[in-house]
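Copied from TrEMBL, the annotated features are:
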| type | residues | note |
| --- | --- | --- |
| ACT_SITE | B:D421 | active site, 4-aspartylphosphate intermediate |
| BINDING | B:D421, B:T423, B:D861, B:D865 | Mg(2+) binding site |
| BINDING | B:D421, B:K422, B:T423, B:E541, B:F588, B:K611, B:R645, B:T726, B:G727, B:D728, B:R835, B:K841, B:N864, B:D865 | ATP binding site |
| DOMAIN | B:41-106 | domain 'P-type ATPase N-terminal' |
| DOMAIN | B:887-1135 | domain 'P-type ATPase C-terminal' |
Amino acid sequence: MTPGCLIATFLVIGIIFVPFGLFCLQTSNHVAEINRRYDVECVPNAYRGNKQAYIKDSAISKNCTLEVKVLDHMRAPIYVYYELENFYQNHRRYVKSRSDKQLRFGAKYTGESCSPVQWDHNGFPIVPCGLIAWSLFNDTYDFTQGSKEIKVNRKNISWKSDREHKFGKNVFPSNFQNGSFIGGGKLDPTVPLSEQEDLIVWMRPSALPKFRKLYGVIEEDLEVDETINILIRNNYNTYTFGGKKSIVLSTASWLGGKNDFLGYAYIVTGSMSIFMSILFALIHVKYPRPQGDTNRLSWNRKNSNN
Amino acid sequence: MRWSKLYTFNCFRGHHGDASADGPSSDGAGAVGGPGFSRVVHCNNPGLQKPLKYPTNYITTTKYNIITFFPKAIFEQFRRVANLYFLLTAILSLTPVCPFSPVSMIAPLAFVVGLSMLKEGLEDWRRFIQDMKVNNRKIAVHKGDGEFMYRHWEELCVGDVVKVEKDQFFPADLLLLSSSYEDGICYVETMNLDGETNLKVKRSLEATLPLEEDESFKDFQAVIRCEDPNPSLYTFTGNFEYERQVFALDPGQILLRDSKLRNTSFIYGVVIFTGHDSKVMQNSTESPSKRSRIEKKMDLIIYILFTVLVLISLISSIGFAVRIKLDLPHWWYLQPQKSNKLDDPSRPALSGIFHLITALILYGYLIPISLYVSIELVKVLQAHFINQDIHMFDEETGNTAQARTSNLNEELGQVHTVLSDKTGTLTCNQMDFLKCSIAGVSYGVGSSEVEIAAAKHMASGDDDHDMPLEDIWEENNEDEIELVEGVTFSDDRLMHGNWTKEPNSSTILLFFRILALCHTAIPETNEATGSIAYEAESPDEGAFLVAAREFGFEFFKRTQSSVFVREKHTSPNGTTEREFKILNLLEFNSKRKRMTVILKDEDGQILLFCKGADSIIFDRLAKNGRVYEVDTTRHLNDYGEAGLRTLALSYRVLEEAEYSSWNAEFLRAKTSIGPDRELQLERVSDLIERELILVGATAVEDKLQKGVPQCIDRLAQAGLKIWVLTGDKMETAINIGYACSLLRQGMKQICLSIPTGDQVAQDAKKSSLTTEQAAKESLLSQIANGSQMVKLEKDPDAAFALVIDGKALAFALEDDMKHMFLNLAIECASVICCRVSPKQKALVTRLVKEGIGQTTLAIGDGANDVGMIQEADIGVGISGVEGMQAVMASDFSISQFRFLERLLVVHGHWCYKRIAQMICYFFYKNIAFGLTIFYFEAFAGFSGQSVYDDWFMLLFNVVLTSLPVISLGVFEQDVSSEICLQFPALYQQGPKNLFFDWYRILGWMGNGLYSSLAIFFLNLCIFYDQAIRAGGQTADMAAVGTTMFTCIIWAVNMQIALTMSHFTWIQHLFVWGSITTWYVFILAYGMTLRSGDNYQILLEVLGPAPIYWAATLLVTAACNIPYLIHISYQRSCNPLDHHVIQEIKYLKKDVEDQTMWKRERSKARQKTKIGFTARVDAKIKQIKGKLHKKGPSLTIHTVS
């Protein structure tokens, strides 16, 4: 651990980090992203003052169309996300309220862990149980470009292992969301859980109150300045808790989505290191301390002070 | 035979009983029956004695018994605040508020508490076994009808008559009734009480002398009324009622438990104090549980962390309550209307309180229970290393060093003051006749260590003061071995009868006769070999006699009135046996400082032989007796400087008439009655002990234990202060001071003592004060003078030594004076306390410990050191020849004093650094980890949700980061053991506490805080909302948590890799193994479906995502950069000593530039005023000064 060795360490860190950071930044810059908030826009003007009434009234049509302009060329695959804000999927009460066993093996594993959503009002087990499933996100999106429909692939948006091992192939939704008190979306009782990919994605709680979840994949390129129309069925109630809803279309690089932060962080760390190596090199040049210089030993220093 | 004839002075103490037999009116006895003097002993009458209910002789030193062990030991455990906290969390973990499973909370606690209790139990068991051994010793007790039977010690009761045989310990405090000698004397060795090895004479009352055999106890009845149990070893007051007469008792008749009967075949005695009432047990102090300074400071840090913990828990619970109150009703997805009491929006305060408990448990990672487990484990391993150290293995006894408690390992590295016993610790209690000066000629070629080293130093002709002494030591050690094995004295001029050819052979003959005749020893012929051993009151006399035998004057027989000597070379016929009639014997005492024997030789000539301290003898020389005075004085100074004990020998030829007139006066004085008898005797003795003719002087080396001066020297260089506490008399103690180089010529000695009785009495009369006050006054002024002297000293090289006497110490330790005394003592380079009782040793230790506020270490070997060993921060016992009491009471035991150096300078230094770094690192890593949990709360609505899987958190301290830190605590060494020894100054890092000061602790905590922030927020920003994969998937809580955890594992393990300076394959294995273990674990965990969202997280989710690896690299680097900056700064601008030495070693400069290396090694010694090196330096300075004065003409400058 000589000073020279340390200066070299800093330099090496810097030399690796800065170019890598630049590379990340560049990669991130190549990711095209369209982000459109729609929760307010989609409420008819009449209900702007009382959004909750709007969302709770099933008689009102929740359809809503957005026009989005493509700013950059977007190469397929283009990922479609819904983004929620101020939604505490990471709340302990929420996270706990599920039963992995039930998801995998079926109704007989319904238990207290799903509290408070485990039995319907008739006392039958709810499958899938728990708050997470109960509050399933249920807005849907359809994309058209002019009159042409843009196909959104809703398959393979969840992790393969989830589909294959954690959600049972023989477990079908039952007694789900048919009572009076409806949280989120409904599930087709004829489709096994392992194929309910929206649910599988939703069942992975997010780390933060603002999160994106994959909705589907557009498997065709979108050209610059094209306008696409998104037909939204704005079912999900974010108005009660003041949350925001957005739809996001994004391409992906090897790093994932648009992530400038990683690049910047690398560059900052790297330049810090280089700065430090220069600083210590200067100190080393200006006040050189030969290796094992005996004058630096405490007993010798004391003498020189005297 | 009445040996007591020899003890002329003692003879008359016996009459004292008669004198006061008229009634209990004499001073001390007057109090008998009053408060504090209530004990009544019905001798030999159990019927009367029983109702008085004094305790039996059973002793117990254990802390617990079978019933109390569990509650008491558990109570002890939970007196530790941390344990109490863990207990609380464990209890709470059984309730639903706990965020973790109960097992993960209870198991570690049970482990820690169980381990500690097991340790306690084992230690107590050992004490119990030791007690049992003592309690089950056998002793002959009078059963009635004059029959004695062997019984266990524990069954002994007050009033029993016991018969103690030669070399047995006294089972309780006894009143001596009679002994195998007609005049009722017996010899007692009080080694275990006061550390003195010379035999003491006890004498029974004349009235009980007839009780000489078993039969005579048939009808023996007596009553003793005496003082209540008390710890004073040297006082006793009581009355003995026997045959309708009352006799006053004094300490001279009391035989104390734990002392040993010597040279007397048996004695009879009555038990007065049993078991815990006995004086020695009263002297024992409760063995305190000791904790090291670092641990105490650690507790403080734990309190701070606990405060932080409570604070962030409060923040959490308030945040939670606010959230519940304001936001929860809107969060429909949580079904607030169905909430239970843990999160009830209508009662936010209650929910907040419940949440507080949850938070306290959740953030419990700030105060890791594993810290305690790890420290315990590390200390046990460190202790194991100490026990295994081959360099502390004593080949003679086959004993290794033993860390008897592992609590104090790191305390060894912070010792400031060493308090040492003398006999058995510094010295082997063996005297060697090394030199003598006869008729102005110095004989004896053997050299003391100081001389050898100094001579070599000078002979090298090197002006460089800093020349290392290592080489000298090494050669010196060889000499030493020779000396121990062979005959100590060697000089062909005197040996083998060659002295007859010397010019002054008649003087030499006289000299040898004085050696062989002027003493009080008793020869003991070994029947088997025919060789003669001498039982002498002091080991000096033994040495004289052995030397005389070597010269051909073998003392072989003593009768009541004569001494017989076998002389080899005095007559042409070969060996002749001569008889010398002893006429008078004037005993040695510390006031007279001389001893005289008057005898008549075979020619009828009356000779007076006198030996004594040189100053005393020189004052009494006749005009014609001063022929050799100048030369002898010079020799005496040389001997004294060489650390030898000296005595001057002289003689006088008495005329028949002169003697008889003196003898008449002497007899008159002897038989006089009254308090001034002793004064009378002294006066009369003084009359005859004058007009002496000087013959020569002797020089005896109080054999130090192997390596003691070197060890003291090194310890002094390491900056340690050394105090010697001894039960011996002042002269002996000062001599040893010289021998150990704690004292040297030219050192200013400040001697504190209470003036003799009469002087004080006179002073007291003058100033109308009590004797005690007068003594105190005088001591006070002595201390003030001493302090003044130290203050006024200008010469920086001047050194002071403080020598204090036990009586003076008793006053000096009183509350009003002790700080003055301590301040003076601190100013002095060395401190020697003589004539100290065991209790005083403990008190001095306490004074030093509390007064200086630094770590003290007490080292001793005998039972008299137990108090001191227990009182000191660290007690070290010498597992030598003496009993095991010191070792049993000690925290560490070594078999020789010299191993103390390695124990402190190597193991202490290492253990201190290891533990300090380990604790700092532990705090760092748990802050870095624990705070991320807290930050996450802020983003999870303070709901108590953890971002990490339960298993990660459980394994964090137990598996993933434990082994590297344990290896740091066990194996870390900044420099090798050789360098520790070569650079004693490095030890000062411990007492200065460079590695566990607040700067460093807070630095590490700050580092932890920074790391937690870096880990959490960097990861959060990277995994905020964007896709993490080319496949477009976003990160969920499991992915973020796992990535963050990966970063933590990397960061803290990299940090410890940077912290370590000593890498072996073990460290590499542990550090990199821990990181690998994490990946292996997450892979394996991902295979099981129990893992929930972490199912296959590495293989499927994170492994293929480059951003995961990129984040790990970034965060690891970012976390460690501040530490790198810190060490860069330290290394390039402000290196510590061990850094420089590491560099020198690394660059192999020490091999290339040996002079530099040696120079630095000698410079690395602390400027010290004591120790051997300082002494040699002083000597050289002195000689150089002389040379300078004498001018350029070269004179012989042999040191001896």
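Heads up, the Cβ atoms here are built off N, Cα and C, so glycines get one too.
Everything TrEMBL records as a feature, shown here on the structure.
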residue : record           : Cβ contacts under 8 Å, 6 or more apart
B:F588  : ATP binding site : B:R594, B:M595, B:G612
B:R645  : ATP binding site : B:M431, B:D540, B:A699, B:V700, B:E701, B:D702, B:E731, B:T732, B:N735
B:R835  : ATP binding site : B:T726, B:G727, B:D728, B:K729, B:M730, B:D805, B:G806, B:K807
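B:D861 (Mg(2+) binding site) counts 33 other C-beta atoms within 10 Å of its own C-beta, drawing on all protein chains shown. For the recorded site, B:T423 (Mg(2+) binding site), the DSSP three-state label reads strand. The Cβ of B:D421 (active site, 4-aspartylphosphate intermediate) has 28 other Cβ atoms within 10 Å, all protein chains considered.
The two recorded residues, B:N864 (ATP binding site) and the residue listed as 'active site, 4-aspartylphosphate intermediate', have Cα atoms 9 Å apart. Counting every protein chain shown, the number of other Cβ atoms lying within 10 Å of the Cβ of B:N864 (ATP binding site) is 33. Summarised by DSSP class, the composition of the domain 'P-type ATPase N-terminal' (B:41-106) is 36 helix, 3 strand, 27 coil.
Neighbour counts of Cβ atoms within 10 Å were taken for the binding-site residues B:T423, B:G727, B:D865; the minimum is at B:T423.
Under the DSSP three-state reduction, B:N864 (ATP binding site) is assigned to helix. In the three-state DSSP scheme, B:R645 (ATP binding site) is classed as strand. Across the structure, B:D421 (active site, 4-aspartylphosphate intermediate) and B:D861 (Mg(2+) binding site) place their CA atoms 7 angstrom apart.
Taken residue by residue with DSSP, B:F588 (ATP binding site) is part of neither helix nor strand, so it is coil.
Averaged across the domain 'P-type ATPase C-terminal' (B:887-1135), pLDDT in this predicted model comes to 89.
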